[in-house]
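*Asks:* This is the structure I have questions about; it appears just below.
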Amino acid sequence: MNIKAYAKINISLDVIGKREDGYHLLKMIMQNIDLYDIVQVEKIPNGIKLKCNKPYVPTDERNLAYKAAKLFKETYDIKSGIYINIEKNIPVSAGLAGGSTDAAAVLKIMNKMFNINVPQSELMDLGLKLGADVPYCICGGTALCEGIGEKVTKLKPFTDKILVVVKPPFGVSTKEVYKAFDLSKVIFHPKTNELISNIEKNNIDFIANNMKNLLENVTLGRYKIISTIKEEINTCGALGSMMSGSGPTVFGFFDDILKAQKCYEKMKEKYVDVFITRTI
């Protein structure tokens, strides 16, 4: 059994507090894009085996999809072994939830495959044990995510918006970015409620001009290339550009497919991981 595991971007990312255990309290708008891994899960006699088409992706317990299979097996007392194959297209350590979306796919497939059929809400609770983005990845679409990511509220779908996505040639540790984040230095927070009402109105201009990610405060300071990519995308005629998640990936919204195509071609001359895609 296989499914597409979609990447996400953040239309906004606000940090509103910090828990005693060190986790940051977030308020963010998440959006799936038409860039995906293909995750296949099959039954085998015993154990967990994972294969991936990209050699730099770990195939042991360091992989979130492996952890998802192990957690599901333990939670629902599954005796069968599991074989996972990941055809990886989403860049890793990119701020696109590549690991989380694969883990979510494994949970969804195993839920059906073994006829456990727990409701989506229970699967999301399980996913939270793996990572803050996993509950959203189980749910997908356009959503407001709050708490540490566990509270997911579906929003009106913001589909078919053209975007160019560029990942610089390095990864960023989400943990390190949050560790360096200083909430006391934040002056302007994202206009989350206004963004939501303009998503409902399908107002791409407002979204592109007002989207905001507070983690840029950390990552842009460390990597000047991210600001450069944002400027390059804007120069190509984007309505607006922003870093996704903890970075380093940057995306720009376009209202013209030809401008987006030209931007894609221009960025492809300098960077390996460049995609032209749509919101779904």
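Using the three backbone atoms N, Cα and C, a Cβ is placed for every residue, glycine included.
Take a look at what Swiss-Prot says about it:
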ACT_SITE  Lys8  active site
BINDING   Pro91, Val92, Ser93, Ala94, Gly95, Leu96, Ala97, Gly98, Gly99, Ser100, Thr101  ATP binding site
ACT_SITE  Asp133  active site
*Asks:* Least buried of the binding-site residues Pro91, Gly95, Gly99, going by other Cβ atoms within 10 Å?
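*Replies:* Taking Pro91, Gly95, Gly99 as the binding-site residues, the minimal 10 Å Cβ count falls on Pro91.
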*Asks:* Among the binding-site residues Ser93, Thr101, whose Cβ has the fewest other Cβ atoms within 10 Å?
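*Replies:* It is Ser93 that, of the binding-site residues Ser93, Thr101, has the fewest other Cβ atoms within 10 Å.
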*Asks:* Expressed to the nearest Å, what is the distance separating Thr101 (ATP binding site) and Asp133 (active site) at their Cα atoms?
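*Replies:* On Cα coordinates alone, these residues lie 8 Å apart.
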*Asks:* Reduce the DSSP letter at Lys8 (active site) to three states and note it down.
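*Replies:* DSSP call for Lys8 (active site): strand.
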*Asks:* Can you name the binding-site residues among Pro91, Ser93, Gly99 whose CA is within 10 A of the CA of Lys8 (active site)?
*Replies:* none
*Asks:* Name the one residue among Pro91, Ser93, Gly95, Ala97, Gly99 whose Cα is closest in three-dimensional space to that of Asp133 (active site); these are the binding-site residues.
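*Replies:* Minimum Cα distance from Asp133 (active site) across Pro91, Ser93, Gly95, Ala97, Gly99 lands on Ala97.
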